[in-house]
Every structure is written in structure tokens, then in C-alpha cells.
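Can you read through this structure? Questions will come right after.
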């Protein structure tokens, strides 16, 4: 005879969603709380998730921010890049993630990626797209790009929509960049990245993903920004936080693993255990190791 599910679990027809790891000690993440963490130098942890179960497990493992990334185009849909991901797809997966968090009484901060072509035409187009993801349950939207996005960021923030910006390698423009390559390696490109980071902070961005930029440059930008938390991926350990694609950190990549990825599933007792190991490693700054995972 099977046991009835514990009251601390959210039962489904096919299993259970885990509760937050220590519900009494964890409060819902908010923008003021994330700013407080940044101000006190506490590392911010972020992972991608695309469905209810993985979102709930990540939250239970202590991950503070869940990015519903357009990377789902590559890891879930089999696309060769993120360019083909649609706003409707992002809305659907954002709803899945936030539904899972509600059912498991999760506390994570949810960020929805604005896909390619949904914010490029005008500020008004960006607002319409952002509203779709916010109504799907996102707490913040993310968009890629430098100086040309600053007025869009300002426009959204002025209308009450928190924004995470994204510099360095911007996967939506991978064709223009000539592939997945480290950015900011020259003095000129590094100076441009620093200027754009400051402009995005001034426009109101609360977070800034730095992807595949030299560790020294990422650390410099992090120190330069006083009220915009940098989140690194392939940008060394000097950023305010870290993000990885879920499938990568679980070792579910059948191709060549990117330099900045670590397989946290190796030696872990479970998926949740792997996520908890990731959180610990980011918090104690043992991941990323600049000699292994950065440039």
C-alpha cells in the first residue's frame, strides 16, 4: 500500500513538488532583498529552469533567482540558436515555472527572457512583450544588448518593470558576433563594455548578466557598478553572482562542454543535491575557479 504524501509536499497525480528547503527561514525574494545581498557582498545564485518541477527543486535547493531563459530553444526545442524562440513559447514556460513555485510555496525571484525580435522595434514593442511575461508570473525581464537598449530599459523601469540587462556574448546576436566567442578582449571593446554597463545602470537596470568576458574585466565592471548586480557566466568569480544553464550544470550536454561549465551532478546523490552543491560553491566562491572556468 502506498503512503499518502506528506503534508509538506505538494502532491500531483504523478509525484510531488518539494517545499522550500527551510520555509521558516526563507522569505520571498524581492528586489530590495537582492539589492541588500548585493550591497553586503553576498553572492547571488541563479539557474535556468523551464518547467514546474525543476523550478521547484531549484528553489528548494536554495537557488535565489530562476531565469526562464530563451536557452530553452537549444536545450528543450533542439534549435541551433536562441533566435527562433517566440514570445508565446517564453510565456508558456514562464507560466510553468511560476505555477510550480506557487504549488511548492517557493520563494525564488523569476526572470523572464525577452526573445529575439520582441523588443528591437521600439520601446512600446518592448513594453508589450514585457507585459506578457510579467502577467505570466515573471518578477523581472531580461534583454540583451548595449547602448541601443538603454532607453528601452529606462522606459520599462519607469513603468514599474524591473530589468536585467545582458552584455558580453549576447546569444541572440551570435551570427553577428561570428560565433560563441569571448568578448571584451581588446582595449577598445573592454572600454565600450564598461561604458555600456554604466549606461545600463543609469537607465535603471537592477541586474546585468556578463557572459564570456575576461574575469579581470568582469571584476572591474562589478566594482564600477554601485547599484546594479552583475551575474556572471563565463566571467570569473569576481561578479556579484553566477548563473548556469540547468542542463549544463547537470552534465546533460552531449557535445563539448563549455569552459565555464562544471558538472555538479558528478558525485551528487540527486538533482537537488547537485543544485545545493552549486549554491554552496557560488556562495563560498569555489565556483567558478578562474584558472579553470574563466579567461
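Placement of Cβ uses the backbone N, Cα and C atoms for every residue, glycine included.
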For the 3-methyl-2-oxobutanoate site that Swiss-Prot assigns to 70, 71, 142, which of the candidates 51, 113, 187 is also assigned?
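Of 51, 113, 187, 113 joins 70, 71, 142 in the 3-methyl-2-oxobutanoate site that Swiss-Prot records.
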Of the residue ranges 1-29, 146-174, which one carries the region 'Disordered' annotation in Swiss-Prot?
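Per Swiss-Prot, the stretch marked region 'Disordered' is 1-29.
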In Å, rounded, how far does the Cα of residue 70 (Mg(2+) binding site) sit from the Cα of residue 142 (3-methyl-2-oxobutanoate binding site)?
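About 10 Å separate the Cα atoms of these two residues.
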Please list, in sequence order, every residue of the chain apart from 70, 113, 144 whose Cβ lies within 8 Å of the Cβ centroid of the Mg(2+) site.
69, 71, 82, 85, 114, 115, 116, 142, 143, 166, 171, 172
Of 113, 144, 211, which recorded positions are close to residue 71 (3-methyl-2-oxobutanoate binding site), meaning a Cα within 10 Å of its Cα?
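Candidates kept after distance check: 113.
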Identify, among the recorded positions 70, 113, 211, the residue whose Cβ has the fewest other Cβ atoms within 10 Å in this structure.
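Relative to the other recorded positions in 70, 113, 211, 211 has the fewest Cβ atoms within 10 Å.
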Provide, as an integer number of angstrom, the distance between the C-alpha atoms of residue 211 (active site, proton acceptor) and residue 144 (Mg(2+) binding site).
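One finds 11 Å between the Cα atoms of these residues.
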